[in-house]
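Now, the feature entries from TrEMBL:
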- HIS46: active site, proton donor (ACT_SITE)
- HIS46, ASN47, ALA48, VAL49, HIS50, ASP85, ASP209, GLN260: AMP binding site (BINDING)
- HIS50, HIS84, ASP85, ASP209: Zn(2+) 1 binding site (BINDING)
- ASP85: Zn(2+) 2 binding site (BINDING)
- 349-369: compositional bias 'Polar residues' (COMPBIAS)
- 1-305: domain 'PDEase' (DOMAIN)
Amino acid sequence: MFPLTSIFLTTLESHNLFVELPIRIECAAEYGLEIESRYQAKNPYHNAVHAASVVWDINFFLRHLQQPVTSLQIFSALVAGAVHDVNHPGMNNAYLVNTNSPLAIKYSDDSVLERMHLAEAFQAATKEGCDIFEGFPKDVKRQSRQQIIKMVLATDLSDHLKHVNRLKSKRYAVHPTSSSDLMATPPSAPSVPILPDDLVFHSIIMMADLGHAMKSFDAHFAWSKLVTEEFFRQGDTERQFGMPISPLCDRFNCKFEKNQIGFLDFVVLPLYSAVSEVLVFEGFDSMLARIQHNTAVWRQKVEHQTTTTTDSFASEPPHPQPSDGAAAAASETNSRDADSDEVDKSGPWVTTDSSRSNSSQAEEQQLPQVITVVTYKQTQGH
């Protein structure tokens, strides 16, 4: 099974890009397979299944965006989603920098993983039969590459707050508050997009990268366990080599539910809320409501958790069972630390660096259950 390649080709076809752009489907398939082969299946979270989910969610946002976009922009956005975590080692940027890794040296400690993903993406296109840009004129190829580069770099979480603040700075221009502001723009003024294209597409890939937060709680829960297990594996390595254990990476000192509240409160909701003020997506209120619902469920879990001395989640890696999909992960009972009901607002989540029918909603629900099963199969034996 090749989830990333399948989703990648499906979304390209759904936007009629094989007709509107000089892209050969055989070449797109070869490129998709090459990129998929470069994802590390041993990673519980940052693997080809996550990439497939991000491509799917980018497609979802593009279909609900109430703003004109070109076929080339759609193509570049889908490619960016497919490659945005390619060859991810399962360690974060801080770990690579702190260990003076060859990648950190190569990329001068600056968005190390994101720059590596881009290098992998463009190197893959140089392989025979894999040049997905082969039919583009030079200027069009350059334009596409620049959009892909900017979108992948936007997934660096260290710049998350900067992007949210940039969105907030556009709010006044989009929503004037006084009568004089409203009168300043004549009714006959031409309607033009207020936001720059890069801000639109940066927002889309950032939301898609965090997209499990807007899905059903069962799917969101399963994804949360997988990314937490990947954090734990980094912490295990840090412990093995006597390094300080990074935030969220200590499997023996984990406040799982509270960490998810922090993630939603300080990373996901600020982004989605800021986007809701300056961009128009059909049905976006329901997406925002789903995130708020999931946050409320985590709070309920914290309120009702019992204090125990052993955290079963820390001792057992979280693999959803294929027979039950994401629902199996949601049914597990986990004991947590309960020394405080408050989320640490100074914790790692606070970064200071830097026309569609209702069937779309059902479409959004279908993929998570499928990819959760694939994730289970990919992570067994690793």
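Cβ atoms are placed via backbone N, Cα and C, with glycine included.
Caution: TrEMBL annotation is automatic and unverified by curators.
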Whole-number Å value for how far ASP209 (AMP binding site) lies from HIS84 (Zn(2+) 1 binding site) (Cα to Cα): 9
Per-region confidence, the domain 'PDEase' (1-305) (mean pLDDT, whole number): 94
Reduced DSSP assignment, ASP85 (AMP binding site): coil
Remaining residues near the recorded Zn(2+) 1 site, that is with C-beta within 8 Å of the centroid of the site residues HIS50, HIS84, ASP85, ASP209: HIS46, ALA51, VAL54, GLY81, HIS88, THR155
Assigned element (helix, strand, coil) containing HIS50 (AMP binding site), judged by DSSP: helix
Inter-residue Cα distance where the pair is HIS46 (active site, proton donor) and ASP209 (AMP binding site), in Å: 11
Residue, out of the recorded positions HIS46, HIS50, whose Cβ gathers the largest set of other Cβ atoms within 10 Å: HIS50
Integer Å distance between the CA atoms belonging to ASP85 (AMP binding site) and HIS46 (active site, proton donor): 7
